[in-house]
Structure formats: structure tokens, C-alpha cells
Amino acid sequence: MANRSEEAEYEIDSRRNQQDKSKAGVLDLLLKRPLRWLTMLIEELHWSFFFGVIVVYGVSQGLGKGLSKVSTQYYFKDEQKIQPSQAQIYVGLIQIPWIIKPLWGLLTDVVPVWGYRRRPYFIFAGLLAMISMMVLWLHTNLHLALGLSCLVAGSAGVAIADVTIDACVTQCSISHPTLAADMQSLCGLSSSIGSLVGFSLSGVLVHLIGAKGVYGLLGLTAGLVVVVGMVLKESPSRSLGRKHANEKFLDAGSAIWKTFQYGEVWRPCLFMLLSAAVSLHIHEGMFYWYTDSKDGPSFSKEAVGSIMSFGAIGSLVGILLYQNFLKNFPFRNVVFWALSLSVLSGFLDLILVLRINLKLGLPDYFFIVVDEFVSHMISRIKWLPLLVLSSKLCPAGMEGTFFALLMSIEHVGHLMSSWGGGVLLHSLKVTRKQFDNLWLAIVIRSLLRVIPIGLVFLIPNVDSNSTILPAEMLTNRRSEGVGTEKIEMTALIRDEA
């Protein structure tokens, strides 16, 4: 009997130890490991870089995107009372500042202001976004043209801040190549968490204070970008004379042209352009249908915001999947499978619009939430390897300009996609109250997503640990003779010769 009692106690202790280990494992996965990861990035890079990433990607882009997307959709629909095809075109116009990102990047790389090449651009970007949002908030009965101009100006402020922090991230990817994927994951996590918070609050805020009131809040959050410019520790450089500046512009053009001559560079750029262009956007048509009281589900503002918040959760899950399981796989393989899943997920909208989900007993809200989650998760998994790849295609000394150029190529594709979607909605006569042909627009959009699958051969078959450009293009001439000691983001800018 004593032996049995001892055996029972031993089994109980073993179970408790297993439970304790299981709890410790979950705690390590959910809390300790992320904290160690963040601490490592702060120590390897610098707190000012970390703060800049959180503010620009998390607040300016993530939170701002979540709040502005819903408010802009209702602003066009309820304040300006325009058709979905028009709204789709105007959404594309708002993205134009992102297409000319190379201009902002060239200025940050070549033209210092009072001896600084990053800080003044953060301050200018924050002030521009703040003023434009305040005009939208305070001005009553704003004409469509002026309202659209303010939205474009606000977008420009976010784009300038984005290209400036992109330059920091890209430069750090060159000096810390093993952390390139980790930095993109940090940027993506910040953006996704910010988007999640923004989308979660957007519907409630639009309902309580209106679309224009949300623009006022965005004006306040833009002030944090100004703070980034004030606290970022940057070594000043000597001001350039006009002749020297002109030489720098010529050198920049020469470096860009030389870099694009490499097949490893122009081929993935061509892929990003074509894959984005043929994936037509019909988001505005779907939004008008979501909120329609006759044919659609007639969702409230709060419901629309919560649906988009699940898209942000899906994006966050996609980042975690890539960071923990996919970042060491070849770029081409990850993009191929993500594109294949994207084709299938596109037809979920068709099931919804044809009301097949109701016949299957699936409520509209539940089905749309699953659709948003899955589509954003796949989109993020597809996009992250392209971001990491882009950071490895930038020559030293031209990080901001070249990364902005690569991103602008993708934004040109998205502009073509948005305008193409607007033309498609218009040609199929999808209006504010007419949605009979919306299903056909979904079919055409989903079938076009097959095309990029046949173009994945343009992506280099390498992983995030590989170096793509020749060694001489990764050595900044301005830093020759300075030494090879560890470069931290506290000294982002080296002194000009």
C-alpha cells in the first residue's frame, strides 16, 4: 500500500511538473520571447530608431490607415455623395504622393537641411499632415476638389515620413544584414497593431463624431511624427553648396541606373509592378454594397470598422507566421504559394455577393470577418518577402532613394489597379444603388490574380540571409576610411566629405 501511495504521489508530481513546463512554455512564447526579441533590436540598433518605427509605422500609417480608411469611405459616400466608381478613382489619386516617393527619398539622401538629412523631413511631414487634416476637420461644406487636395496633402505627409524611416531601416539592413527580416517584421507588426486599433475604433468614432471629426484626431496624431524629428539622434553633416548638391544628384542618378542594370534588380521590380497592376481593386464597390439597405447586409458604421479590424488581425497573424516559420524560405517559394492562396480567397467575395453563404447557414458578418482575416493574412505573407528583398537591392548611400523607388513602382501598380477597378465598376454599371453586376466584377478580379503566378520566376530564388548586390555596391564611398566598427542608428548620418 505504501508503494502504491508513493507511486500515486510521483504521478501527481510528474503531472504538475508537466503542467508547469507547459505554462512556462506558453508564457515564454507569448511574453518572454517577444520581449527578448524587442530588447535585442533596441540594443543592436537604437531606441530612437525603435521609437521612430513605432510612431511612423504604428501610429502614422497603422492607426492612421485604420481611422482614415473608414472615415474617407464615409466622407465620399455621405458627405460628397459620389458613385463607387468615382470613389475608387479618387482613392487612387490620394495615393499619388506614394508614387513620387523617390523624390522624397532623393531629398533625404542628398539635400540636408541645416546639416540634417532625416530630422527636418520628419518635422515637415508631421506638420503637413497635421495642417491638412485640421482643414478637413474645421472647414464646413468643403468643395470636393479642396477636400481631395487636403486628403492628398495628408497622404503626402505620411509618405514623406514613411520614406524617411524606410531609409533608416534600409541602411540598418545593410549594416546588420542578419536582422533584415527582423526589422521588416518589426515594421509590419507595428503597422498591423496600429491598424487593428485604428479599425477597431474607426466605426465607433465615425458614428460618434463623424468622418470630419476623425480627421481632427488624425491631425493630432500627426504631431508625434514631429516629435520623432525632434528626438532622433543624428550626426549633422556639412551643408552642401549648389554645385556639390548638383553633383550629388548626378551621382544618385548614375547609381540608380547602374543598379537597375542588374537582372537581380529589374526583374523583381517588374514583378512587383505587374502583379500589383493586374490585381484590380474593387473595394469601394464592396463597401457600398456592405452598407446598402436593399441588396447588401446593411452594416452599421461600427460593424464596418470591426470587420476591418479583423483584417488587421489577419495581417498580424501573417507577420507572425512569416517571422517564425517562413522567413528563411526562398522568396520565390513563399510568394508563389501566397499568390496561389490569394486566387482562391478572391472567390470568397463571390459567395457573399451571391448570398450563397446564407443558403449554407453562415451569417453575413461571420463570413465577411473570415474573408477579411484570410485575405489580409495571405496578402501580408505575400508582401513581406518582397519588402525584405527590396531592402537588399539598395546600394549603400542611396538607401532612402532606391528603396522609395522600389516602393513607388509597387504603388504605380496599385494606382493602375485602383483606376482599373474603377473603370471595371463603371463599365459594369455598379452604382450607389445598383449592384447586379458586382458578382461579375469579383469573378474578373479573381481570375486576373492568376497572372502573377506565372511571373514568379522574376523573383530571385534566394532567402533573407543572402546578399544579392555586388560587394562594391554595398560599400558607401562616403564612409571609406572611417572604419568598420558597428554602425548604430544613433549615428544614422555620416559626416559629408
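The backbone N, Cα and C atoms fix where each Cβ goes, glycine too.
Non-local neighbours of the transmembrane segment (37-59) in the same chain are 122, 161-162, 164-165, 168-169, 172, 176, 179, 182-183, 186-188, 190-191, 193-194, 221, 224-225, 227-228, 231-233, 488-490, 492; each lies 6+ residues outside the stretch with a CB under 8 Å from one of its CB atoms. Here TrEMBL flags 37-59 (among others) as transmembrane segment.
If you look up TrEMBL, you'll see 121-138 (among others) marked as transmembrane segment.
Tertiary proximity for the transmembrane segment (144-165) is limited to same-chain residues at least six positions away from its ends with a CB under 8 Å from its CB atoms, namely 52-53, 56-57, 60-61, 64, 68, 72, 75, 79-80, 82, 90, 93-98, 101, 104-105, 108, 118, 121-122, 124-133, 135-136, 218, 222, 225, 228, 400, 403-404, 407. Per TrEMBL, the feature transmembrane segment maps to 144-165 (among others).
Among the features that TrEMBL reports, transmembrane segment is placed at 186-208 (among others). Within its own chain, the transmembrane segment (186-208) has Cβ neighbours under 8 Å at 38, 41, 50, 53-54, 57-59, 61-67, 69-71, 74, 169, 214, 217, 300-306, 308-309, 311-313, 315-316, 319-320, 322, 380, 384, 387, counting only residues six or more beyond its boundaries.
Residues annotated as transmembrane segment in TrEMBL: 214-232 (among others).
Remote same-chain partners of the transmembrane segment (265-283), defined as residues 6 or more beyond its termini with a Cβ less than 8 Å from a stretch Cβ, comprise 88, 91, 259, 339, 342, 386, 389-390, 393, 406, 409-410, 412-414, 416-418, 420-421, 424-425, 438, 441-442, 444-445, 448-449, 451-452, 455-456, 458-460, 468-469. Marked as transmembrane segment by TrEMBL: 265-283 (among others).
Residues or ranges marked as transmembrane segment by TrEMBL: 303-322 (among others).
Among the features that TrEMBL reports, transmembrane segment is placed at 334-356 (among others).
Positions annotated as transmembrane segment by TrEMBL: 402-425 (among others).
For 437-459 (among others), the entry in TrEMBL reads transmembrane segment.
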Beyond the flanks of the transmembrane segment (334-356) by at least 6 residues, Cβ under 8 Å: 275, 279, 286, 289, 322, 326, 364, 367-368, 370-371, 374-375, 378-379, 381-382, 385-386, 435, 438-439, 442-443, 445-446, 449-450, 452-453, 456, 459
